[in-house]
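Visitor: I am attaching a structure below and will ask some questions about it afterwards.
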Amino acid sequence: MSIENMHVTRRSKASLIASFAAVIILVILISAPLWAGRADMRLMAELFLYLSLATLWNLMAGYAGLVSVGQQAYVGFGGYMLFSLTMFAGLSPVVALIGVAILGGLVSIPIAALVFRLHGAYFAIGTWVIAEVFRLTFAQVSSLGGGSGTSLPISIIKSMADGRAARESLSYWLALGVMVAVILAVYLFLRSRKGLALSAIRDNELAASSLGINIWRTKFLVYVITAALTSVVGALIFLQKLRISPDAAFSVNDWTAFVIFIVVIGGIGTLEGPIIGTLVYFLMRETLADLGTTYLIALGVVAIVIMLKAPKGLWGIIRDRWDLQLFPLGYRVQTTQSKKGS
Amino acid sequence: MADQVLKTHNLCAHYGDFQALFDLDLSIAEGEVIAIIGANGAGKTTLMRSIAGLNSNNAEQIVYRDEPIGALRADQVATKGIALVPEGRQLFPSLSVEENLIIGGRVGRKGPWNLKALYQLFPILEERRNQPSTSLSGGQQQMVAIGRALMANPDLILFDEISLGLAPVIIKTIYDALPNIIDDGMSAVIVEQDISKALAVSARFYCLQEGRVALEGDSQTVEREAISRAYFGVH
């Protein structure tokens, strides 16, 4: 085989099949209100929102090296802002989502300036402390129910759509839409020039900086974008729940520990990893959650075994064994079946 | 003497707790090529890192075109027009050859170097443009590292250990390409273990020994005997 009939491409058969499959799956998912029961739709919406959180955390930790343990700050902030914008500013929940994104991004700017002074483990702890400050602050706001929280008024819920079924469909579609938007946004960001710089920083910070890449600014941008999108996901989580309280909104377990679990077992630093991780997490949760403590022990054991035996996660195993890549981000050498004549 | 593009004044630098450079004074004129030679641990790489902004110094210790740059960050130094070809190449393994080069062009300075010009200089890189940079041979990786620095269209380019670990035939290819690179009035600093190679391409040289300048002079007229003594610290 000579060099002429080899070529290098981002696409592979697998990534082409994957994009067709993604479109088909998307159509099936969009039509879920026609075929799925209410409980199933709620579960799927929750899965979409967890996948969004995991994809965003993966962008920060897996690509920008920012290991935050405080993303629940933005989940809770997003939830509370949705409630505030609808209850006090009279916005419809769907319009309020845009406001939530802007506010989430804005509030993250001074926080980034603060926590970016810390590195490594100190950064992780710093972000967690910030999230606790958020929790304590919102517990003081009596118009939002203080420490015991508040429910979304019936009039606002009813303003979303006519009838319960239509409301539930809308809220399901919003979750699906946000998931697609988050995955597409992260994918396009990684393929852009900024994303190139981010990969360069992850590969070699010293070389990247001596080529004129401002490391601080690139990481700052990632942090703010992630905060804005995480806030929107948080808003949708509490739009599903219709009730918010400081402990639920700023829960480190629900919005960060499980998300880290998902990304680590799926494969950090890959776009496919969070998808696999989310599916595994929900599979375990739906089958084992009734076992109570045993379920949490099982989660812990799975995490430990994967970290020890397959540090690149489940997707790492799959990719190494079958050389698969669903999102065409890397390159591969291919042989062309000589179509251009013999 | 022509205008100085870069000067160091009493430059001191540390490598961890160890002081690697002591009161170093050197200068590079516009369009000049100088060589830095010296044994392992003489401070050559620390000097490169200091100029490139990877070590922080006092602002006045390094002056670039009358502007003190010693305290600037590496990315700020890069936008001023100083590019580093680092020791050990330091390519980005998850990026392709072309993406590595594109990253180099991010500073957006005007000049003769772009992807097309680079592919003319090193045609092999065009063939391999979409391959992961790690799949290349050492010499080809060095070409990517040089190309990546050139893409910034620097006024001063720093080559750190340009031939370290490369096959002689590759070293020759790279040295043959050097005059084309430096032709456009670019100034260059070449750090090299191979003294005769270094002297052949440079106008002046500095020989470092334990963080100090042991000998400096004209590359073409210097006596080998003098260099040997400075190199090994024999007095």
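Placed from the backbone N, Cα and C atoms, the Cβ positions cover glycine too.
Bear in mind that TrEMBL entries carry predicted annotations, made automatically and left uncurated.
Pulled from TrEMBL, these are the listed features:
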{"type": "TRANSMEM", "residues": "A:16-35", "note": "transmembrane segment"}
{"type": "TRANSMEM", "residues": "A:47-66", "note": "transmembrane segment"}
{"type": "TRANSMEM", "residues": "A:121-138", "note": "transmembrane segment"}
{"type": "TRANSMEM", "residues": "A:170-190", "note": "transmembrane segment"}
{"type": "TRANSMEM", "residues": "A:220-239", "note": "transmembrane segment"}
{"type": "TRANSMEM", "residues": "A:259-283", "note": "transmembrane segment"}
{"type": "TRANSMEM", "residues": "A:295-318", "note": "transmembrane segment"}
Visitor: How about the transmembrane segment (A:220-239) with the transmembrane segment (A:259-283) - do they touch, taking at least 3 C-beta pairs under 8 Å (6 or more apart in sequence) as contact?
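Guide: Contact absent: fewer than 3 Cβ pairs fall under 8 Å.
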Visitor: Between A:16-35, A:121-138, A:170-190, A:259-283, A:295-318, who has the most Cβ pairs under 8 Å to the transmembrane segment (A:47-66)?
Guide: A:259-283
Visitor: Go through the chain and flag residues at least 6 beyond the ends of the transmembrane segment (A:295-318) whose CB is under 8 A from any CB in it; none is fine as an answer.
Guide: 261, 263-268, 270, 272-273, 276-277, 280-281, 284-285, 288-289, 324
Visitor: Residues of the same chain, at least six outside the transmembrane segment (A:170-190), with any C-beta under 8 angstroms of its C-beta?
Guide: 26, 29-30, 32-33, 41-42, 44-46, 48-49, 51-52, 55-56, 58-59, 63, 94, 97, 160-161, 198-199, 225, 229, 232-233, 236, 239-240, 271, 327, 329
